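K.L.:
Handing you a structure now.
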Amino acid sequence: MPHQLWFTAFLNQYLAGPVSAMMSVLHVPNPHPRAPISNYVAMEILVFLLLVLFFIATRISLSWDKPGVLQHIAEGMNNFVSNQGEEMIGHGYETYTSYIVTLGVFILSMNLIGLIPGFEAPTAFPSVPLGCALVTWFFYHVHGLRENGVIGYLKHFLGPVWWISPLLFVIEICSHFARIMSLTIRLYANMFAGDMVTLAFFSLVPLGFPVVFMGLHIFVSLIQTYIFITLAAVYLAEATAHGHD
């Protein structure tokens, strides 16, 4: 039986049976039938539920005359991403704002939840950054195809010089697959290292001093979230551009 956080144990207590049955039907390996939900999955679920509550509370408290704290936070995040999207994507950026905002809030929340005692940052486990990277990868390719069509989108991979197009096509395909690993490793490595440093100083130095490293962890969390959504916007801009038409 693996070590379980209290929220993981709570979920496994009530959902282990249905989850194990579903994994069996899908032929997914399940080494721990009595605890099929891992810590990072439980933390993702918790973050999702907390964000749902946050946005419901924000929606209920919306006001033109006297916007509350939650509304200011939500509008601030949306305006920041909108400004970044307008600069990097240009015309039509509004179509992708909701995805980038959702992605950024989700990643940032997962980065920060590890600072709360009894919780772990899901992004410190490689499967979670990989999932975010794969969703982003498929998202920008789908919208690239939608904007340019199959032929128009393939031109992005061929370059302007026809006689080296086959070589450029192979290079571009490899570079696009490499983006998955780049997004994954960058987020995972930084959050894993940040968690380890914070835990190490909590155990070695007097109480109070680790607050400095908690501040550093928050800074790293913000930076990594910003880098991830910025790269997502850049990839979207490249995929939806019509420069080779």
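Counting begins at 1 with the first residue displayed.
Just so you know, glycine gets a Cβ as well, placed from its N, Cα and C.
Relevant sequence annotations retrieved from Swiss-Prot are reproduced here:
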{"type": "TRANSMEM", "residues": "5-25", "note": "transmembrane segment"}
{"type": "TRANSMEM", "residues": "37-57", "note": "transmembrane segment"}
{"type": "TRANSMEM", "residues": "99-119", "note": "transmembrane segment"}
{"type": "TRANSMEM", "residues": "125-145", "note": "transmembrane segment"}
{"type": "TRANSMEM", "residues": "157-177", "note": "transmembrane segment"}
{"type": "TRANSMEM", "residues": "187-209", "note": "transmembrane segment"}
{"type": "TRANSMEM", "residues": "221-241", "note": "transmembrane segment"}
K.L.:
Count the CB pairs under 8 A between the transmembrane segment (5-25) and each of 37-57, 99-119, 125-145, 157-177, 221-241, then give me the winner.
P.N.:
37-57
K.L.:
Restricting to CB pairs under 8 Å, which listed stretch, 37-57, 125-145, 221-241, is in contact most with the transmembrane segment (99-119)?
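P.N.:
The listed stretch sharing the most Cβ pairs with the transmembrane segment (99-119) is 221-241.
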K.L.:
For the transmembrane segment (37-57), give me same-chain residues lying six or more residues beyond its boundaries with a C-beta closer than 8 angstroms to one of its C-beta atoms, as numbers and ranges.
P.N.:
2-5, 7-8, 11-12, 15-16, 19, 70, 74, 105-106, 109-110, 113, 119-122, 124-125, 127-128
